[in-house]
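According to TrEMBL, the features are:
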TRANSMEM  34-55  transmembrane segment
TRANSMEM  67-86  transmembrane segment
TRANSMEM  159-178  transmembrane segment
TRANSMEM  184-208  transmembrane segment
TRANSMEM  275-297  transmembrane segment
TRANSMEM  330-352  transmembrane segment
TRANSMEM  386-408  transmembrane segment
TRANSMEM  414-433  transmembrane segment
TRANSMEM  445-469  transmembrane segment
TRANSMEM  481-500  transmembrane segment
Amino acid sequence: MTIPSDSEAASLDSGHVRLHELGYKQELKRDLSVISNFALTFSIISVLTGISTLYNTGLNYGGPVSMVYGWLVVCIFTMLVALSMAEICSAYPTSGGLYFWSAKLAGPQWAPFASWITGWFNIIGQWAGTTSIDFSLAQLIQVIILLSTGGKNGGGYVASKYVVIAIHGGILLLHGIINSLPISMLSLLANFGTVWNVVGVVVLIILIPSVATKKASAKFVFTEFNTDNGVGINSRPYIFVLGLLMSQYTLAGYDASAHMTEETKRSDINGPKGIISSVGISIVFGFGYILGITFAVTDIPYLLSQDNDAGGYAIAQIFYMTFKKRYGHGFGGIMCLVIIAIAIFFCGMGSVTSNSRMAYAFSRDGAMPLSSLWHQVNKEEVPINAVWLSVLISFCMALTSLGSMVAFQATVSIAVISLYVAYALPIFFRVTLAAKHFQPGPFNLSRYGIIVGWVAVIWVVLISVLFSLPVSYPITIETLNYTPIALGCLIILIVSYWIISARHWFKGPLTNTEN
């Protein structure tokens, strides 16, 4: 392996030097600043995306109490996960991110299997996440069209499942084209996406309560607990736990900062900054958004009813009804939905970026079928084949919605848990097998690293169990929570592939610098 000399290192970026020390050549263009790294990840987390698309879940399972206090609970533990990841990212700033970390931290004996299982959990979780994000955008566009043509009660146009999947495909196509652009252009779009998310949240926080002719009281927002969920669950603790899904789904995807480290200047410092700042700022803006929107909630059963103008899409009905009651029409509410739709578009764009960098790195180490194809970069130093692979797989995952929405939900249900399992595995190796020999980078948690790491791992185990619990009673084929089944099938596939084939040829991350 060639390591830059002291004179060369002095003129090189610290992340570039560290990449060489880890055994990799600089193949991607290192052109992202800490702001751009943060911007991309902040756009992927996108509180407008997660909270808006899962607001129904929050209202149904506990209502204001589960959303407001559940957000605070989830934020505390998510930040601990982010801090642990940031510490490891500082030590190993590569596009492979989590699976590379697992290999280094698990030690030589366990490195191949550790990186294999972490990498597949990560990339499948990312693909499922992109599918979910872009499909939710397609559904929102469907609702915007519905409201723009008169609403459900006014003869509005209800798009078929084939139209929705076509919209989804068009969105993915645009994301593929954008992600084929040079990283400098993608950086500009990511920065714009961040500004859009921040301004959009602020505008909606101020606008919706201001326009509303009737507002919820502070007592309602901070103490109302909705048990009228229509799903046969009456236990308040159980309902509260299920309501956490909205918050935890929103606060995911921040591993993107790690996957972009080979394109980020001073990545051993700026990668961790991207992780922590994107989570921290999302926490603040997300809490404000939840409060602002919930102050406009006055009738939870009606917002969740399939018979309202938005067809049961709670956020859309809130916006539409707020403006219609004030001005006699819902045009302003539709424009607010457009703000959210554009934010989701940037979220999906960033998700494809992160997917492609993970696929590039994983195939560079020979873990994927046709690896030599997926890790190729074009003249603009973009992993172009990995971009379109991610687009294709995300579209194929969404095709299950044509057969059954139950099958589709089972497919995308693994997004959050798969990602968090991938987050937890390197942290687990950090606090166990590597507890005594871990060499931290410039950013580290000092003596608190082990404690924070253990709390992070326990939290991931807890949410993995909680999100596998039944969400409706009695349990039928239509109401069954398919998350544990999907997760179990995923584990069987990954481990079986390892036992039957991969253990004979996959040796973990491979160096590609010259000797």
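Note: Cβ is positioned from N, Cα and C throughout, glycine not excepted.
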Legend entry - Touch test for the transmembrane segment (414-433) and the transmembrane segment (481-500), at least 3 Cβ pairs under 8 Å: yes
Legend entry - Most Cβ pairs under 8 Å with the transmembrane segment (445-469), selected from 67-86, 159-178, 330-352: 67-86
Legend entry - Intrachain residues whose Cβ lies under 8 Å of the transmembrane segment (481-500), provided they are six or more past its termini: 113, 116-117, 120-121, 124, 406, 409-411, 413-414, 417-418, 464, 467-472, 506
Inset, instruction - Please give the sequence-distant neighbours of the transmembrane segment (159-178): residues at least 6 beyond its ends with Cβ less than 8 Å from one of its Cβ atoms. - result: 130, 134-135, 137-139, 141-142, 145-146, 186, 189, 345, 348-349, 352, 387-388, 391, 394-395, 398-399, 401-402
Legend entry - Of 34-55, 184-208, 330-352, whichever stretch has the most CB pairs under 8 A to the transmembrane segment (275-297): 34-55
Inset, instruction - Would you mind listing the long-range same-chain contacts of the transmembrane segment (184-208), meaning Cβ under 8 Å and 6+ residues beyond its ends? - result: 29, 31-33, 35-36, 38-40, 42-43, 46-48, 178, 285, 288-289, 291-293, 295-296, 318-319, 322, 336, 339-340, 342-343, 346-347, 349-350, 353
